[in-house]
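Here's what TrEMBL has on this protein:
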{"type": "BINDING", "residues": "A:7, A:10, A:45, A:46", "note": "Zn(2+) binding site"}
């Protein structure tokens, strides 16, 4: 649905980086690895949080 | 503190730092780590009252998201445990509600990160809620953990012993953290964590420096690393004095 | 206004004897409206 606020494993706040990551790596054509490095999301537990996330609000909102 | 410890910073940032402490036992090092994770109280949202929520997520889901937002923790002594601060949020769609939209009743307790999306609101949807933040410890709930990924390693001393035999295959030698070389502290990231790239063709001896620990500390934004470490040490001291008073004859 | 008809979107009072049915259009799917009072949720 929405991005997790924190990393499940270590508790680092990852939610604040989602919009920039989405814009640059998902919508744009930048390399996700480079974007994550620049955002300071270093650990692989936090990286998978952003890499594997999909926003579902648009998918479920018609069924309100 | 009555005793002084030798502390040396290797990297120092507001939210992330690496420092060396000499002259402490492994048990005490672990005590500091555990105090940083579980024993330093931080502010976090504890109860949420929903006045209106027509978003696509349930009240409970949003409450949990709000709870995980890090809040700045007031200086020691300003609040006692279980004191509350009220924050409110009121966002109408089409818009996204961010953690920065939380309005606090106390300027000492504010969202540490402003850009955490809470919920995306479509046309006509609205989120209006009031939340109470409480001061609690990491052992009560993970959202109260001030320290993130707190850990320590033995300081390792690197010594170049000799040249490698002429036809021996070069082998990589991985170390992580910080090493001491000729009395100088070198973060291993400087040489890609591989001693064989730093000293090619040399035989190297690695040994732990007794009672010297390199801590790596990150915070969730509730306070600075410095604040976290001093509060953790203070909490150990408070426990120790409490024990001393309790067993006094 | 505790229920709303899912087809004609009008408010419906549920009548115990009339069965679950919209009195305006006869549709049998009713949606329960969210109550207006404040809901308190614990974050645990």
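Placement of Cβ uses the backbone N, Cα and C atoms for every residue, glycine included.
TrEMBL: automatically predicted annotations, no manual curation.
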Does residue A:45 (Zn(2+) binding site) have same-chain partners at least 6 apart in sequence with Cβ under 8 Å from its own Cβ, and which are they?
A:7, A:8, A:9, A:10
Around residue A:46 (Zn(2+) binding site), how many other C-beta atoms are within 10 angstroms of its C-beta?
25
Can you tell which of the binding-site residues (A:7, A:10) has the fewest other C-beta atoms within 10 angstroms of its C-beta?
A:10
What does DSSP say about residue A:45 (Zn(2+) binding site): helix, strand or coil?
helix
Could you say whether, by DSSP, residue A:7 (Zn(2+) binding site) belongs to a helix, a strand or a coil region?
coil
